[in-house]
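Trainee: Can you keep this structure in mind? I'll have questions shortly.
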Amino acid sequence: MEKIKEKLNSLKLESESWQEKYEELREQLKELEQSNTEKENEIKSLSAKNEQLDSEVEKLESQLSDTKQLAEDSNNLRSNNENYTKKNQDLEQQLEDSEAKLKEAMDKLKEADLNSEQMGRRIVALEEERDEWEKKCEEFQSKYEEAQKELDEIANSLENL
């Protein structure tokens with residue numbers, strides 16, 4: 001009788017332990033899903049920035065084209081040569097700066113894509129692990145109920161004696 005009580009207590013403790021693990025895994029899943037959502041939002045933000053930078057690059061390329069035309073005209077007008085050359089240099093620097101910003105944004109976007117993929121794989125793995133734990137928890141619950149039923153039968157048979 002004492003062993004059965006100990007076994008019951010052991011099963012209860014084990015069941016509680018599994019329930020705690022299940023709750024921990026459920027919380028981790030929520031955190032990962034939230035992190036994934038944040039990463040997706042960051043990707044959207046970076047995509048918008050990327051589009052904005054693309055627009056700026058096109059604008060700057062257009063400005064650069066205009067500047068080059070002015071530079072050709074400035075060869076005919078020596079007095080304006082210094083002004084056009086300086087403007088051309090400034091626009092080229094802006095273009096380089098924009099290209100650097102675009103490259104940085106693209107790198108961040110690639111990194112965010114990788115992080116998003118990694119988080120997705122991690123979520124899938126955690127969901128599979130959660131499913132395994134839920135299955136084990138159900139098995140332990142079933143075993144607990146069987147043990148409880150056996151204990152009740154033993155108690156009834158002892159009372160009948």
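One is the number of the first residue shown, and numbering goes on along the chain from there.
Placed from the backbone N, Cα and C atoms, the Cβ positions cover glycine too.
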Trainee: From the set SER10, SER45, SER55, which residue is assigned the annotation phosphoserine by Swiss-Prot?
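Mentor: SER55, according to Swiss-Prot.
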Trainee: Can you dig through Swiss-Prot and tell me which residue of SER47, SER62, SER98, SER116 is labelled phosphoserine?
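Mentor: Residue annotated phosphoserine in Swiss-Prot: SER116.
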Trainee: Considering the residues SER142, SER157, which is the one that Swiss-Prot annotates as phosphoserine?
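Mentor: Residue annotated phosphoserine in Swiss-Prot: SER157.
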Trainee: Other than its close neighbours in sequence, what residues sit by the compositional bias 'Basic and acidic residues' (32-43), given a CB gap under 8 Å and a spacing of at least six beyond its ends?
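Mentor: Contacts with the compositional bias 'Basic and acidic residues' (32-43): 109, 112-113, 115-116, 119-120, 122-123, 126.
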Trainee: At a 10 A cut-off on CB-CB distances, which of the modified residues SER55, SER116 has the highest count?
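Mentor: Comparing the modified residues SER55, SER116, the most crowded Cβ belongs to SER116.
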Trainee: In Å, rounded, how far does the Cα of SER157 (phosphoserine) sit from the Cα of SER116 (phosphoserine)?
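Mentor: Computed Cα spacing between SER157 (phosphoserine) and SER116 (phosphoserine) is 60 Å.
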